[in-house]
């Protein structure tokens, strides 16, 4: 029998009396019937494969019914640990069912998200077969597919319900398409191209699953955040710094490309490095530096690279044959000196982790203007990185005192240790409900949703 069936069957009264411990029962007393329905709305959207229904036709004792319902929720979370399905929670270890339930019901966007989930549930009665884009559409075009896209934009709330239902791409549709593109992280150009069409094919059921899953992740994370932290949403390409519980800095970021993804992880900023040099990892020497050096004879010198053997002697990267070596045993060291073309820019934020992942500035500032910013080799590039460094240094008394001296020193690699490390949380949030009522969605750039669904199917089939 599938585990989900076992969880969702009727609980015998004797079992309830024996197993309902004090902690869940105390938590139940703080939550209303409305809370229960809100929680179940989120749970059913996040885990549509689970048949979350409770049969209690023969159990009608006063007070037991609500405890039985909540016990089903706690039992579900305890049995189906969401870490494998929700990457953001994997670093927390086993999830406490009571803590997760409480965190979800206290999330500031719960009410708005539940309302949106209920709307999406109603939309699932409409046919939503994928539409293969016939051509790119711009304002003024006439085509039968435009009528289908109008209907979907009306249902999703981006186009007014009284819009003209014909096949003309009019100005009202243009405004709706731009609004739709903005809340899906697309280039806002008013053109229905492949990327916009792909999101228009994203069904209400898919939207509900993503929105509910991300709410659960965010709720549990928010309940565990300290008063000082850096939060980076990899799928949203956004960084937020909170100090003393107050937002202090926000910026756009560039993250790892799909073939070199930035991991979902927790770490801490321990030090800042001004005017950093860059010791290029062997893998990047092999993948990036060597091919460019062979194509461009002046590449190494113009970008400030030095190549040395293990004894410190200078070598030529392109005049030697390295085909007998892999990136692991490459007998050279490649370093990029500090300067305006250095890949780390003006400042590096050293993180405590074994993956050599850190935050840094970049000379490629134009990349921050792109709506999707997965271009790095794994580290996180920060827009206005010097402002972030200044904010972190000013926040702590000792680092505040030494920061001006480090800035004034012309020598490269000026390390400044922070008084206290600042925790860093890298999360993967592909959807969220804004306070203005807008629902934001972002592309699953690392295809983690597909992996999480496979994990769910695998876990639910193991009895």
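Start at 1 and count along the chain as shown; that gives each residue its number.
The backbone N, Cα and C atoms fix where each Cβ goes, and this holds for glycine too.
Positions annotated as signal peptide by TrEMBL: 1-22.
Among the features that TrEMBL reports, domain 'L,D-TPase catalytic' is placed at 228-401.
There are 22 other CB atoms within 10 A of the CB of residue 360 (active site, proton donor/acceptor), with all protein chains counted. Residue 360 (active site, proton donor/acceptor) falls within a strand segment according to DSSP. Among the features that TrEMBL reports, active site, proton donor/acceptor is placed at 360.
A coil conformation is recorded for residue 379 (active site, nucleophile) in the three-state DSSP classification, outside any helix or strand. Residue 379 (active site, nucleophile) is surrounded by 23 other CB atoms, counting those within 10 A of its CB over all protein chains shown. Here TrEMBL flags 379 as active site, nucleophile.
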Rounded Cα separation (Å) that holds between residue 360 (active site, proton donor/acceptor) and residue 379 (active site, nucleophile): 8
Model confidence over the domain 'L,D-TPase catalytic' (228-401) (mean pLDDT, whole number): 92
